[in-house]
Every structure is written in C-alpha cells, then in structure tokens.
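Undergrad: Please see the structure below; I have some questions.
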Amino acid sequence: MTKQSLTLYLAAPRGFCAGVDRAIKIVEMALEKWGAPVYVRHEIVHNKFVVDGLRDKGAVFVEELLECPDDRPVIFSAHGVPKAVPAAAAKREMIYVDATCPLVSKVHIEAQRHSDNGLQMIMIGHEGHPETIGTMGQLPDGEVLLVETVEDVATVEVRDPERLAFVTQTTLSVDDTIDIVKALQERFPGIVGPHKEDICYATTNRQEAVKAIAPKCDAIMVVGAPNSSNSKRLVEVGARAGCDYAQLVQRATDIDWRALNGIKSIGITAGASAPEVLINEVIDAFKDRYDTTVEIVETAVENVEFKVPRVLREPA
Ligand code: SF4
C-alpha cells in the first residue's frame, strides 16, 4: 500500500530548556555523589518518562519533606519551593540541594525585594501549580495576592492601590499575560513590575515557534505531560494561531490516529520538560505511517546553560 504524503513541520526551539537540563543533572550528580537513595521533593520536572528514569537510578520522589528521612539528601524540584521548605530541612540538619531554575529564583528575589520596599505583591499565575506555591511562599501567608485572569484583576482587593508590585509565573501564555498586565496597570497605574513579565526565554521561544508553524499545519502534536504548564500553553497557542486540531501527547502511543485522518501536514513541538527521545518517537510514528518530508522551522537559537550548585561540583 502506498503511503500518503505528509509535510512534518518541526518547531525549533522545542523540548528541554536550560532549567530542566540542570535539574535532571542535579539529581544524577547527587546520586553519583551520595549514592541511592536520594529523595526528590515533587517531580523534579513535569515528565513521567524523566521521573521514571531517575527512579530506576535510585531517586525517591515524595511530595512533602516530612516523607524524607533526616539522613538522606533531598533535592527540591525545578519549580521552586516556599521558603519554609529549605528552612525545615536546615533545622533537621539534612543535606539539601535546590534545583529551582535560576529564572524562577530570580522571580523569588524580585518578590522579596518589592516586599522589603513595602509593596504588596500580586502574582499572575495558576492556582495550585508548584511554581506559584513556591513564589507565593517566599513571603508570609496572605502577603501575595494571586490573579489568574483579567476578570480577577477587577475584583482583587489590595491594601493600598499606590503601593503594589507584580510578578508572574515563568510558564504562562505570553499573550494572555500581556492582557492581564495591561488590566493591572489600568486599574493600578502606579503598580511596579518587571519590564514586560517574568515569562522565561524558553516559554517565549517555544510559543513563538508554535505560532510560526500553526498556520501551515492541519494538526499539531505537543509532546508533554498533562501537568506541564508550558506544554499546555503550547496547545492553546497553537490552536489560537490558526491550527484547528492541537493535541497534547506524552508519547507516540497517545496519538489519536483516527482524528488525523486526511491530514496533509502536521506540526510537532514539545514542552520544556519533554525529552528529545519522546519527540523522536512521535516523529518516527508519523514516518512509519506517512511518506514524510520533515521541515524544521527555527524561530530562535538557544544557548543558555546553568551551572549546577557548587556542592555537586566539589568532590565528595
Ligand atoms: S521553563 Fe523556563 S523557568 Fe521553567 S525550568 Fe525551563 S527555563 Fe526555567
């Protein structure tokens, strides 16, 4: 049977970012340095394949510090943690390594600085996401107000409208966030904030790349996990940028082939925590079924790298 032809537009950049790469390296280096088990508070990055791979090497994933014994090292995930978590680890004299992405730590520092200057903080983020919990947890309970939508901005109750600052989650939709920031600035003209928002380079670049391929594609596959914020945003951005069918898949077995019946073009991208091996698996699945021509659509070149914490660079 002859295969139907298909143009596969591969978005670049896609997949792993520098913060994810560093966080995974931290767990691997901790296992080398201290041996198994090494405890990790929360999924180190939101990807089951990555987490399962590290579990096989001896990492133990838990949700709370209380689940870790005092005498084994613990690593905090790339999403960041409330200040109370390292404080509790220090009190128990545990060895701990913070794998919080440096771009998330930068937001933590911003929030603290504004608060020290007497400003009340507003965070634009998703309720319940570990990054939002971590950033809000840099300040005492109730000090950071959360807004998720433009509608929330209209109802948020602040202490003093003249003494406000905002920060954002790093993995939001760039376009939605512009609208929320605009609404904040209209309601509170004196509000202080970053130049644009705190969305990181990796989130921005992946959203730009998916926007570039979306109008050419009959369908888009975003490789990523259902709990990965930046992957879910890529699905939304792809759909809004002109592709009628955008689907989040963890790996090739998730592809709904029936829904793709009759397509002539497919776009592929991946969230910042999706490994290249899973992206290649999805590409190969299309190559198996179609006579595929791959076109790489590159909208940015990334060369960001973050160092691992010093404790892991020193000999045991
Ligand atoms: S998505 Fe951005 S903030 Fe999150 S780990 Fe990657 S670089 Fe850091």
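Even glycines carry a Cβ here, placed using N, Cα and C.
Note that the coordinates shown come from a computational prediction; the quantities given were computed from them, not determined experimentally.
Among the features that TrEMBL reports, active site, proton donor is placed at GLU131. Residues or ranges marked as [4Fe-4S] cluster binding site by TrEMBL: CYS17, CYS101, CYS200. Annotation source TrEMBL lists isopentenyl diphosphate binding site at HIS46, HIS79, HIS129, SER228, SER229, ASN230, SER273. Per TrEMBL, (2E)-4-hydroxy-3-methylbut-2-enyl diphosphate binding site is recorded for HIS46, HIS79, HIS129, THR170, SER228, SER229, ASN230, SER273. The feature dimethylallyl diphosphate binding site is assigned by TrEMBL to HIS46, HIS79, HIS129, SER228, SER229, ASN230, SER273.
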Undergrad: Return only the integer: C-alpha distance in Å from THR170 ((2E)-4-hydroxy-3-methylbut-2-enyl diphosphate binding site) to the residue listed as 'active site, proton donor'.
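TA: If we compare the Cα positions of THR170 ((2E)-4-hydroxy-3-methylbut-2-enyl diphosphate binding site) and the residue listed as 'active site, proton donor', the gap is 8 Å.
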Undergrad: For the isopentenyl diphosphate site given as HIS46, HIS79, HIS129, SER228, SER229, ASN230, SER273, which other residues of the same chain have their Cβ within 8 Å of the site's Cβ centre?
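TA: Everything else in range on the chain: VAL45, GLU131, THR171, ALA225, ASN227, SER231, GLY271, ALA272.
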Undergrad: Checking the binding-site residues HIS46, HIS79, HIS129, ASN230, SER273, which are within 10 Å of CYS17 ([4Fe-4S] cluster binding site) at the Cα level?
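TA: Cα filter at 10 Å returns SER273.
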Undergrad: Measuring Cβ to any atom of ligand 1 with a strict under-6 Å cutoff, which of the recorded positions HIS79, GLU131, SER228, SER229 qualify?
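TA: Those recorded positions that pass the cut-off are none, since no Cβ is under 6 Å from ligand 1.
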Undergrad: Compile a sequence-ordered list of residues in the same chain as SER273 (isopentenyl diphosphate binding site), six or more apart from it, whose Cβ lies below 8 A from its Cβ; state 'none' when nothing qualifies.
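TA: When sequence neighbours closer than 6 are ignored, SER273 (isopentenyl diphosphate binding site) has PHE16, VAL20, VAL45, HIS46, ASN47, VAL50, GLY224, ALA225, SER228, ASN230, SER231 within Cβ distance under 8 Å.
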Undergrad: Have a look around SER229 (isopentenyl diphosphate binding site) and count the other CB atoms within 10 A of its CB, chains all included.
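TA: There are 25 of them.
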Undergrad: For the C-alpha pair, I'd like the distance in angstrom between CYS200 ([4Fe-4S] cluster binding site) and HIS79 (isopentenyl diphosphate binding site), rounded off.
TA: 13
Undergrad: Closest to GLU131 (active site, proton donor): which of the binding-site residues HIS79, CYS101, SER229, going by Cα position?
TA: HIS79
Undergrad: Count the Cβ atoms, other than its own, that fall within 10 Å of the Cβ of HIS79 (isopentenyl diphosphate binding site), considering every protein chain shown.
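TA: For HIS79 (isopentenyl diphosphate binding site), the 10 Å Cβ neighbour count is 27.
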Undergrad: Taking the recorded [4Fe-4S] cluster site as CYS17, CYS101, CYS200, identify the other residues of that chain whose CB atom sits within 8 Å of the mean position of the site's CB atoms, giving them in sequence order.
TA: ALA18, GLY19, VAL20, ALA78, LEU103, VAL104, THR170, THR171, TYR201, ALA202, THR203, ALA272
Undergrad: Tell me, which binding-site residues from HIS79, HIS129, SER229 are within 10 Å of CYS101 ([4Fe-4S] cluster binding site) if we use the C-alpha atoms?
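TA: Hits: HIS79.
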Undergrad: How far apart, in angstrom, are the most distant Cα atoms among the dimethylallyl diphosphate-binding residues HIS46, HIS79, HIS129, SER228, SER229, ASN230, SER273?
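TA: Across HIS46, HIS79, HIS129, SER228, SER229, ASN230, SER273, the widest Cα separation comes out at 15 Å.
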Undergrad: Which residues in the same chain, at least 6 apart in sequence, have a Cβ under 8 Å from the Cβ of HIS129 (isopentenyl diphosphate binding site)?
TA: HIS79, GLN169, SER229
